Amino acid sequence: MARFEIPEGVVAVEDYEPVARERLSREAWGYYSGGAADETTLRWNREAFARLQLRSRALPEIAGGGTQLRLFGQDFTHPILVAPTAHHRLADPAGELATLVGAGGARAGMVLSTEADVTLEEIAAAARTPLWFQLYIQHDRGFTLDLARRAEAAGYGALVVTVDAPVFGMRNTEQRAGYKPPKLSEHANLAGLHTSYFAYAELGESLMFGGFMDVAARWADIERLRAVTKLPLILKGIMCAADAERAIGAGADGIIVSNHGGRVLDTLPASIEALPGVAKAVGSRVPVLMDGGIRRGTDVLKALALGASAVLVGRPVLYGLAVAGPAGVAHVLHLLRCELEIAMVMTGCSRLTDIGPQVFWEDQ
Ligand SMILES: Cc1cc2nc3c(=O)[nH]c(=O)nc-3n(C[C@H](O)[C@H](O)[C@H](O)COP(=O)(O)O)c2cc1C
């Protein structure tokens, strides 16, 4: 079958998963699909959506509706964005350039990972769709600030600073599959990074506290970033009201409720379960987004009903890319958008701002 063809019978986002598994190497599959430890949170991210029941409305009179929204001064056709995920060349030889074409085809915003296989400048030059840059705060702080400046100069619309991964999770599936990540300084966007900051503890000493955490990212880094960039700062990986408060205090313009797709600390709750508490604490001060387990348009509707302005999608985009390149990415995003529109009609919502707690069965 031709590389860009969508296989027969692939009609829903989750249909991509088994086909992607066949097409990817064992190592890449382990890296993309795996979560932390026993993958409990990874499972909960899906299961929690299934537990939320919807309420349909008969004969909705909602002609003239739509899914458009404005976020951080940018216009989006719909609220489904590509989440930042690393190493797209494992799925497609053109890497993130192929993903970008697919996102553009589906009119979806995209967040490029710090650990992309293509430079942020190359991606920005090719972009025809809203583009944000995901920033990992490196131990080399000078390099990190330069990376933020590079993203601003290249025309990115926001910086998404990931705050939930100060250490690597115990990703056992990935380890069992024999996946070996490239060295940090070998990443396309990290050439010239000083990695001598890593302190290796002697055997028998505490590993994390034997130097590693002395140089890990902290709240003061957010305040420094705030001072060096005019771009909106969105903190990704907030799971509780206290951290949301702290994020706003440090100057964040937006928050993404996320448990990193269940990849860092296992047995954290599902993102959709953490969302209401964060959304309530934040109120209307800054937009709240969420990711983790979105596989259906009804999941998008539920996230919006619980306080998210938009959602991000991680693994399904990688699976679409692995199966059918840019066409697969566009198809995955398009399916979610179609399903969202159907769910909106069925629950009587003509615009995103109409979506609220009334879409749930419990609210009667
Ligand atoms: C293979 C893979 C790589 C990822 N790389 C990054 C990354 O570089 N930066 C980041 O902030 N999040 C990263 N994430 C987390 C995603 O941005 C997102 O939070 C998660 O995938 C959402 O869950 P989902 O896969 O169920 O949609 C990665 C996730 C996966 C699956």
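From the backbone N, Cα and C atoms, a Cβ is placed for every residue, glycine too.
Per TrEMBL, the features are as follows:
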ACT_SITE  His260  active site, proton acceptor
BINDING   Tyr31, Tyr136, Arg171, His260, Arg263  glyoxylate binding site
BINDING   84-86, Ser113, Gln134, Thr162, Lys236, Ser258, 291-295, 314-315  FMN binding site
DOMAIN    5-364  domain 'FMN hydroxy acid dehydrogenase'
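The structure, with features from TrEMBL marked on it.
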residue	record	DSSP class
Tyr31	glyoxylate binding site	helix
Pro84	FMN binding site	coil
Gln134	FMN binding site	strand
Lys236	FMN binding site	strand
Arg263	glyoxylate binding site	coil
Asp291	FMN binding site	strand
Arg315	FMN binding site	helix
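Listed in sequence order, the residues of the same chain lying 6 or more apart from Arg315 (FMN binding site) and placing their CB within less than 8 Å of its CB are Glu17, Tyr32, Ser33, Thr85, Gly261. Note on proximity: among Tyr31, Arg171, His260, Arg263, the recorded positions of the record, the Cα nearest Gln134 (FMN binding site) is that of His260. Per-residue pLDDT, averaged along the domain 'FMN hydroxy acid dehydrogenase' (5-364), amounts to 95 for this model. The Cβ of Lys236 (FMN binding site) has 25 neighbouring Cβ atoms from other residues within 10 Å, across all protein chains displayed. Here the candidates are the binding-site residues Tyr31, Ala86, Arg171, Asp291, Gly293. The one whose C-alpha lies nearest to that of His260 (active site, proton acceptor) is Asp291. Only Ala86, Gln134, Gly293 of the binding-site residues listed as Ala86, Gln134, Arg171, Gly293 bring a Cβ under 6 Å of any atom of ligand 1; the order follows the sequence.
When the C-alpha distances from Tyr31 (glyoxylate binding site) to the binding-site residues Pro84, Ala86, Lys236, Asp291, Arg295 are tabulated, the minimum falls on Ala86. Across the structure, Asp291 (FMN binding site) and Arg263 (glyoxylate binding site) place their CA atoms 13 angstrom apart.
With a 10 A radius on its CB, Ala86 (FMN binding site) counts 20 other CB atoms from all the protein chains.
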